[in-house]
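Worksheet: one structure, shown below.
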Amino acid sequence: MGKSETIAEGKDRYQAGVIPYKKMGYWEPDYQPKDTDIIAMFRITPQPGVDPEEAAAAVAGESSTATWTVVWTDRLTDCELYRAKAYRADLVPNTGEGTKNEAQYFAYIAYDLDLFEPGSIANLTASIIGNVFGFKAVKALRLEDMRIPVAYLKTFQGPATGVVVERERLDKFGRPLLGATTKPKLGLSGRNYGRVVYEALKGGLDFVKDDENINSQPFMHWRDRFLYCMEAVNKASAATGEVKGHYLNVTAATMEDMYERAEFAKSLGSVIIMIDLVVGYTAIQSMAKWARKNDMILHLHRAGNSTYSRQKNHGMNFRVICKWMRMAGVDHIHAGTVVGKLEGDPLMIKGFYDTLLDSHTPTSLEHGLFFDQDWASLNKVMPVASGGIHAGQMHQLIQYLGEDVILQFGGGTIGHPQGIQAGAVANRVALEAMILARNEGRDYVKEGPQILQDAAKWCSPLKAALDTWKDVTFNYESTDTADFVPTATASV
């Protein structure tokens, strides 16, 4: 690691015109991050011929105080305080000379807390990811992880409800919650949509949800959907004696429309509303604030996240989104299934779940966690597992994801050959059988298939589900995997 080559204040600096970022003070290998610093860890692929330390300094500069040339107004402020400081650039394992992959570097950059507006995800992201991803000095850039200091976390409200209070409201403890996404997600009339909701809840699910792109279309106005869904929720609750819910998607074109829809959902007695990630950070924080004020659970669908999280060398890791959304104040977020149809390496998904559920998340390189993170008493976020899962995978889902999770069987409920209610029954019986086996001390992972077969002897819907989907899985290689086993590389 090279030493600092900063050109000091004075004639040499201000007559230099354009000087490398490394010499402008943005590369400080001797810097010791303060407890109050925000630290971002980027995966940098420098352009050919660009020194990795210069690339790291360029990212630090362009994400804080720098522009492309020296400016005289630097002398009117405390640049030494406000400059971001790149202090490490470590070669990523299995890249560079002697490998088939071009060289990539993990660059650690520290930002003074005063650079950011308190309690604003929008302002935080405007600096960290606002301009640097199009910078010519880097061929590719990915934000892998961040350490958020307690001093900054305390300026955010965090989840409006949290896992503990949600379980108390539902009176459901010791097991994952069960849900489903209404299918087909587009095209149903309001009445038929409500019927799907009723059948699924009556069969034993705790929740049903709108999908990300059901808002207010010609085939079903949002108000009709809300009315029919809440009628279904109330009837199912009365029939089963259990607390039920439906995630009413209030995503809309404007904040005024979103507030109107949320208020209407509340007036109908809904306990939960839903928004999509694509509404943006300000809208998410605004709805989280509304949800806390109005005693509502806020579900976030991560619609759009893979446009920037899927590729390993460019964009942003989903674990960063998990951190930001916990700060922003959502109660639920889709975080992967491991065994379903969507991208998800088991180790990476474990890191996502730990980020959402831990009070303190320790460094764990095998799970992609590069920093110790104290969550400053922010409530936990309930992870949601959805996409290509079915009753035959119940033992695997509990093994990988634990019990603080919402398992959403959309096609695995509504695609059941005996009907929607039978699909819900199959999932509920499979879950109860697996939890009972776990609580009895059985090796439910090894014995899982047999446990399900035994339960299916007394439950025809579960037998039909197992016969229909058998051992269907989606075994594709993940694009986002751990880079190394634990080493000293990630120590701050």
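Just so you know, glycine gets a Cβ as well, placed from its N, Cα and C.
When Arg147, Arg302, Arg310 are compared with the substrate site residues Asn131, Thr181, Lys185, His334, Ser386 in Swiss-Prot, the one appearing in that site is Arg302. Among the recorded positions Thr181, His301, Arg302, His334, the residue whose Cα lies closest in space to that of Lys209 (Mg(2+) binding site) is Thr181. Same-chain neighbours of the Mg(2+) site beyond Lys209, Asp211, Glu212, judged by a C-beta within 8 angstroms of the site's C-beta center, are, in sequence order, Thr181, Thr182, Lys185, Asp210, Asn213, Ile214, Tyr247, Asn249, Met274, His301, Ala303.
For His334 (substrate binding site), the spatially nearest entry among the recorded positions Asp211, Glu212, His301 is His301, judged by CA separation. Taking Lys183, Asp211, His301 as the recorded positions under consideration, the smallest Cα distance to Asn131 (substrate binding site) is found for His301. With a 10 A radius on its CB, Ser386 (substrate binding site) counts 25 other CB atoms from all the protein chains. For Thr181 (substrate binding site), the nearest neighbour among the recorded positions Asp211, Glu212, His301, judged by Cα separation, is Asp211.
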